[in-house]
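Engineer: What TrEMBL shows for this protein is this:
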DOMAIN    11-43  domain 'EGF-like'
DOMAIN    59-102  domain 'EGF-like'
DOMAIN    103-133  domain 'EGF-like'
DOMAIN    230-291  domain 'EGF-like'
DOMAIN    320-352  domain 'EGF-like'
DOMAIN    353-383  domain 'EGF-like'
DOMAIN    442-474  domain 'EGF-like'
DOMAIN    475-505  domain 'EGF-like'
DOMAIN    506-537  domain 'EGF-like'
DOMAIN    755-785  domain 'EGF-like'
DOMAIN    876-907  domain 'EGF-like'
Amino acid sequence: MGNYTLVSDGQCVCPVGCKTCDEVNFKCLECNSGYYFNAGTCVKCIEPCATCSASGCLSCLGVYNLTGSVCSCPNSCSYCDLKTWTCSLCKDGYYRNAGNCLACLYPCSSCTASNTCTSCIVPFVLNSLNQCICPSNCLQCDSTGCIKCLDGFFKSGGICIQCTSPCKNCFGTAANCTSCLGQYALSFALTNGVNLGSCNCQACCNCDLNTFLCATAKDGYFLNNMGCSPCSQPCATCRDSSLICTKCMGSLVLTGTQCNLPPGCIKFDSVLWKCTMCNDGYLLNTDNTCTTCTAPCKTCISSYTQCTSCMGTYYLENYLCKCPLNCAVCGTNPYVCNTCNAGWVAISGICQKCIAPCSTCTNYQTNCQGCVGTYVLGNGQCSCPVNCKICDTINYMCTTCIDSFYQSAGTCYPCASQCKTCSGSALACTSCYGTYSLSSGNCLCPSNCKTCDTVKYVCSACNDGFVLTNGICTPCTSPCLNCIGTPTSCTSCKGKFALTGSSCFCPSYCTTCDSGPGYLCSKCNDGFSLTSIGDCQACAPICKKCSSSTTVCTECYGSFVISGTTCVCPTNCATCDSVTSKCLACKDGSYYTNGNCLLCSASCKTCSTSDLTCTSCKGVFDLIANQCVCPIYCASCDINGVCTKCNDGWIMINSVCTKCLAPCKTCDISTNNCKSCLGAHYYSIVNNVGTCTCPKSCIICDQYSWLCTKCASEFYYKDGNCYPCIFPCKTCTSDTICSSCINTLELDITTGKCNCPSNCAKCDTISLVCTLCKDGFFMNSGVCYPCEASCKTCVTNALTCTTCFRDYELNAKSQCCAVGCANCFLGATKCSECADKFYYSNGNCLPCLDPCVSCTTPGFCTKCNGIFVVDTARGTCSCPLPCTKCDSTGKCTECQSGYYASAGKCETCLSPCKTCSSRDICLTCIDYRGLNAYGCCSACPDRCITCDNILNTCSSCVSPAILTNGKC
């Protein structure tokens with residue numbers, strides 16, 4: 001029905017080309033692509049239309065272009081394929097790529113790829129790399145021709161023509177030189193009113209016509225890198241340098257490569273180049289040379305032997321030089337005195353008198369060989385004799401002698417051996433040696449001395465009561481009667497004192513002794529009684545103290561007690577030792593200590609050592625570690641050992657303590673009716689009976705200790721009990737140490753604390769839920785998730801970046817791509833589009849080299865920054881001439897000679913500046929002009945080519961003038 005189509009299986013379907021049909025009216029409502037609707041029917045478009053309407057094409061197949069409502073082959077294509085609707089042959093200036101014709105890059109006229117040329121537009125030429133470059137003699141060119149030629153060529157009609165040798169560069173014509181090859185010099189001359197340049201060999205040298213370099217220098221010149229330069233005076237000829245002479249002017253003498261004054265000349269006429277004055281020892285001849293005077297003349301006149309001054313130490317007399325005074329032998333080389341008369345010494349060739357006390361000397365005036373008076377010689381010096389204390393420094397005689405000598409007629413003689421000092425004669429002593437004493441001019445042995453040493457003059461043995469110390473007899477120290485070695489080293493004692501070792505002590509039975517003069521006992525020890533003669537008499541054996549009658553006791557030893565005038569055994573002692581005064585055995589109920597019997601503790605039946613060291617107990621008391629204590633089940637006992645109250649865990653039944661049944665800690669009425677529980681068990685009443693049960697917080701309770709051995713989750717174990725973990729711990733090992741945490745909190749295993757997650761910058765102080773994530777994470781329901789690796793910060797999801805890490809940049813799509821990447825994928829690892837100053841390579845954007853704005857490889861630019869000019873053939877950026885150096889922003893910083901940099905551009909220096917730093921300040925000047933103090937170029941002096949008008953000197957001259965001291 002309608003426009004439906006019947007198919008082979010007998011079904012009616014929507015007709016070909018119809019996308020949707022009206023199933024009620026059986027009509028087409030919408031056509032497929034490539035069809036257009038006409039009167040309810042879909043009509044197929046005529047190729048090469050891709051889509052169309054009744055009036056014509058709306059879009060085209062393949063590479064065809066739509067013009068109005070017609071599809072046609074592209075203008076860049078010579079022939080299109082009517083089956084594939086692609087270009088099969090491109091026009092000149094285009095190349096085929098995937099059925100399209102793409103334009104060749106400038107300056108290709110034809111190509112097989114964008115950068116693979118097969119021919120070039122004029123004047124460009126094709127190189128071996130299929131690139132179009134300027135001709136070899138052209139530095140810069142465009143479609144109009146060469147813009148700048150290489151050195152040695154000049155531009156004419158867009159082509160470069162070679163200059164004529166020896167021109168290095170030329171202008172206008174091949175022979176109009178602007179610079180020269182080799183060392184040829186440029187000069188200018190007016191020809192038909194035009195100032196033309198020409199290159200000629202320098203006037204100072206002979207040139208090689210092949211290399212255009214100076215081959216040999218003319219006389220007065222030498223070869224250098226500039227060609228040739230004049231020799232400096234006083235060189236008549238030179239080589240390599242103006243100061244390396246090969247011949248000298250006038251009478252100057254060549255020494256090596258230097259011109260020096262003739263020997264003996266001290267004043268020279270630099271105009272006539274002759275000597276006008278000679279040095280000492282020379283005579284000026286009529287031919288202006290210097291001849292040596294005859295020795296020993298230092299200077300002479302008229303003839304070589306008529307002296308006016310002398311050499312060395314010779315002296316002048318009647319124009320003759322004679323040997324010095326006081327000289328025995330004179331020398332002739334040098335002319336000085338070699339040997340002087342006696343009492344004199346030659347110093348620097350002059351005879352000097354020896355200085356007292358030297359009578360004779362050598363080398364110098366104080367180096368003596370003999371002495372005046374009684375002085376003695378030693379090591380070249382004359383000095384006062386060693387046995388003399390004071391010498392007379394006028395007559396050089398001794399006036400006072402040292403000890404043991406006396407003076408007579410300026411000489412010192414020894415005293416007698418025992419005299420330390422003497423006067424007038426050897427036996428008239430005035431002081432003695434050692435310990436001898438002076439008596440009427442004699443030295444005698446001391447009175448407390450038994451014998452004396454006649455060599456050392458000291459005591460060798462002392463009288464009784466004295467001890468010898470360093471030859472002196474010293475009295476013994478009391479209470480020593482006699483001593484040896486030292487005054488305190490006793491050999492016998494005074495009074496009642498007793499000798500012990502080498503010391504005297506109060507006797508052992510004396511408490512105190514008097515310190516003299518009798519050295520007797522003044523108080524006796526226990527067991528002794530003091531007698532009238534300062535001695536001690538023993539009491540009866542058991543008496544500690546007694547009266548003058550040694551049998552009347554006033555105090556007893558040990559445990560003995562006074563009974564009348566004697567000491568007897570105490571009442572609680574069974575037996576006593578009369579020798580030691582101690583009790584030997586005690587009665588029952590007491591114990592023995594230090595010879596005494598003391599009562600035991602009330603709970604002890606018997607004891608030993610102390611009142612609390614029981615050996616048996618009363619009643620129910622248990623003996624434990626020598627103590628009588630209540631039984632473990634008994635809380636309290638009376639003095640007779642009867643239990644009056646039971647301990648916890650026990651119950652009193654019929655006056656007997658019976659143990660409660662575990663796990664009851666305490667019980668009531670019966671042994672299994674608990675009142676409190678053991679260990680970790682908790683108490684509850686079940687059917688009116690007290691019961692103890694293991695707590696729910698505990699998984700396992702021990703049936704012996706009744707403590708918990710394993711706690712439930714979220715509880716921790718401590719001392720047999722389970723305690724709940726404290727927020728925010730999920731599980732823990734103590735009240736302060738967590739083993740796991742709630743929610744997303746992180747456990748610090750070092751401290752056991754639950755902390756805000758490491759990726760969270762801020763947590764709620766109460767709930768510990770994260771409220772702010774750290775950089776590199778985004779928030780989702782209180783949890784921080786990581787951003788994509790290149791994102792420093794992100795929001796909503798991992799790929800929506802807000803800031804990027806170093807080496808990445810944020811693009812308009814909130815992506816963090818590698819620097820230079822405009823669009824990236826695969827987590828910023830691959831780039832699909834590059835930014836300016838970067839080029840695409842295997843999914844990466846790599847930087848172009850400055851100053852490229854765009855490039856195809858690091859070193860092949862297609863566009864340059866600022867004022868830089870791109871060489872499309874070489875792919876390089878260069879400063880536009882006359883600029884020689886640009887900064888990174890493309891501004892010119894250095895210019896060719898004759899230009900200066902201003903505001904990033906090169907401006908021409910104004911003549912006569914050769915180079916300049918600004919419009920008004922010259923740095924160097926053109927020939928025949930020199931720089932003055934104002935930075936301007938003013939005229940040089942006559943005959944100067946180059947000059948310095950600040951110093952008013954020339955640096956080069958117009959031939960044949962020569963440069964001398966800055967003047968031509």
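Each residue, glycine too, has its Cβ placed from N, Cα and C.
A TrEMBL annotation is a machine prediction, not a hand-curated record.
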Engineer: Tell me the residue counts in helix, strand and coil for the domain 'EGF-like' (755-785), as DSSP assigns them.
Structural biologist: 0 helix, 16 strand, 15 coil
Engineer: Which residues of the same chain, at least 6 past either end of the domain 'EGF-like' (506-537), have a Cβ under 8 Å from a Cβ in it?
Structural biologist: 478-479, 493-498, 543-548, 550, 557
Engineer: Over the domain 'EGF-like' (59-102), what is the model's average pLDDT?
Structural biologist: 90
Engineer: Report, as numbers and ranges, which residues of the same chain sit near the domain 'EGF-like' (59-102): CB under 8 Å and 6 or more residues beyond its ends.
Structural biologist: 47-51, 53, 108-114
